[in-house]
Amino acid sequence: SKKEDSCQLDHAQGPCLGMISRYFYNGTSMACETFQYGGCLGNGNNFASQKECLQTCRTVAACNLPIVQGPCRAFIRLWAFDAAQGKCVLFTYGGCRGNGNKFYSQKECKEYCGIPGDGDEELLR
C-alpha cells in the first residue's frame, strides 16, 4: 500500500526494545509528533524526520492552521501559509512541535496552498 495510506494509522512502537526517536503523523492535530520506536515491526506511520513525515502526510487543511513557532529555541527559517494575507510567508521555526503549516521552500508552500490566479503563472500552466 502507498506510504500516504499509513498516515491514518496509530503509531506503533512494535515488540522490540530499542528506543529510537521517530515521527508519526497525528491526523487530529495535523502535526508530526515524536514517539519511541522499538526498532522492529510497527507500521508505516513511522518517519525518520519531521520533514519526511510532513511531506508524506500533510494535507491542504494544513494551510488553514495558525503559524506556530513552537517552544524550542532554534532559529530555522521556514515557510508557512498566512491565510489572512492569502500567501506564503517566511517565519522562524523553533525546531520542535508546531503543526503541519510548515514548508521547507516557498515552492512547496505554494504547491500546497497557492491560490490559482494569484499572478503565479506556474500554477496556471
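Note: Cβ is positioned from N, Cα and C throughout, glycine not excepted.
If you go by Swiss-Prot, Cys32 shares a disulfide bond with Cys53, out of Cys16, Cys40, Cys53.
If you go by Swiss-Prot, Cys16 shares a disulfide bond with Cys40, out of Cys7, Cys40.
Per Swiss-Prot, the cysteine from Cys57, Cys63 that shares a disulfide bond with Cys7 is Cys57. Here Cys109 is paired by Swiss-Prot through a disulfide bond, and of Cys72, Cys88 its partner is Cys88. Looking up Cys113 in Swiss-Prot gives a disulphide bond to a cysteine among Cys63, Cys72, identified as Cys63.
Of all the disulfide-bonded residues listed (Cys53, Cys63, Cys96, Cys113), Cys96 has the fewest other CB atoms within 10 A of its CB. Less than 8 angstroms from the CB of Cys109 (disulfide bond) sit Trp79, Ala80, Phe81, Cys88, Phe103, each of them six or more residues away in the same chain. For the domain 'BPTI/Kunitz inhibitor 2' (63-113), the model gives a mean pLDDT of 97. Cys63 (disulfide bond) is 22 Å away from Cys72 (disulfide bond) when you measure Cα to Cα.
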